[in-house]
Ligand code: SF4
């Protein structure tokens, strides 16, 4: 059993009581809500006649259903409009701050909470969205919950939870140029599998993790859930504190000094005990691309789609399903696979550094004929920062569309979607069947720089060749 | 698509047994996007979801999907393989299954958020070994999906031939379901004093 890890310490600090069924009542320090998974929770709260226990620890935004071409109200889609109107009404009825469209602070929930300084080390963070694991980048224990649990957090600011085991994922060496946090996490999931993390929290540690920026750590923790781990985290350090200092909700003046001292003490100690440890070498990782229908079906861009014999026996039915669905031939190189749509954005890779990496590839080049390529910033703040640097111009000149912030084609609840059998190069996190809005649409997951390279080439290609040559 | 809505009430109070026909959905890693595609999440209530469960898979199989087969209408047990319900946290997935009529699941393993969401609706997720699940799936097909019964107290399943399968049900969920306290809200509200003390002890709640 783990002991002395950040997970153990934060868990103990937030324990309220032991519940009759044997689970623990855990206090939730930050509750994030959005339009898709909250309306039914508020309806249940109203039915029960209960107030929101701590509206000041609850923060709302709108992200999943917002259009990215025009965000004028009312939205063209009446269902989307009804969802936002319902969220607005609930927030105003219960006194919950809503960072709405045009506020300058709207965006994907997992992008805005960190950039506003809401997410801090040592917190428990819950949200009705599985990618809440993102916030673990700060040394928070952050996890996705269902709508009944959203209701519970609204009503009681706490949850009934069972404690997870802790696996340390130690990453030595350094990522090579052209290889990003996205490649690292796709590689980890490829090796440990999409079920490998079930029952675990993942602690990411080691020299390669220490060297990551906060935005890269967010990409990494964001996809812990794709590896089956309900939460993933990185111990807070100087990189974390430098990112947080001066953000709107970060502690100020003397409180800042006290906060940093407290945060430092939360990190897993040298004597921490883990349930399990797995080691990786960052230097050995290539840009990684998925070829199948789960995020675990990934390969290096210089590899071939695995043949049935190259997959583990119990993975073969899924591999066969993936061959049929994706229409990719086992044994053929993934590089060279023609794509139709290129999407840069999402809570995995819609932050400023993601757009910078993609723009560096796009600059001075042009999207291949017939390819639809678009960039969706993760938040209004990301959009403003990117525009201040002229990244929007770089993308437009290269033939990409520059859109308004939101989740967009990550899950296609807005008008952005694949049509028919189209195949996308996507910087998002899920390549499930039908994920991007067409029941037969296909998704290749990769880093934003790799998506930009695919847009330029019209097919999957190794971005390392583009960053080593001038256009 | 035939709408197969059960009119029976949703789980309420103590859950000690589930009886009915079982439907088999074979395959590992069946994600929540497949159980309920994202376009159906554009709703402010869960009411219509029973008709949309597995929408894309059902359309692809045009009537041959287990959820569309005439003899399986009204089934209340779903038998699956590994890592069922992975992916998104959307409670719309168990809600859609429940509204179609499912009251219990049996599988080799379940994704955690999905498992918790099911429990919050009063739906037990039983697990069993790889070999057991396969033998159960085969027997169900051989038996032409006759009625079976699941007991929560013994975590066992018996088919119409009297064949018995020993399953597993975690003791926490088992107790919560048996006592009718699977809906956590009232328990959580009962400890408000402790909750206030916990909050007061946290530096970030107190401005450090
Ligand atoms: S960007 Fe995608 S994964 Fe992230 S919150 Fe939005 S829909 Fe979910």
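Placement of Cβ uses the backbone N, Cα and C atoms for every residue, glycine included.
Note that this is a predicted model, so its numbers are computed, not measured.
Quick look at what TrEMBL annotates:
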type: BINDING; residues: A:347, A:407, A:410; note: [4Fe-4S] cluster binding site
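A count of other CB atoms within 10 A of each Cβ picks out A:410 as the most crowded of the binding-site residues A:347, A:410. Classification of residue A:347 ([4Fe-4S] cluster binding site) by DSSP places it within a helix.
In the three-state DSSP scheme, residue A:407 ([4Fe-4S] cluster binding site) is classed as coil. Excluding A:347, A:407, A:410, which define the [4Fe-4S] cluster site, the same chain contributes A:63, A:64, A:108, A:110, A:131, A:345, A:346, A:348, A:350, A:378, A:406, A:408, A:411, A:428, A:429 within 8 Å (Cβ to the Cβ centroid), listed in sequence order. A 10 Å cutoff on Cβ-Cβ distances gives residue A:407 ([4Fe-4S] cluster binding site) a total of 33 other Cβ atoms nearby, all chains included.
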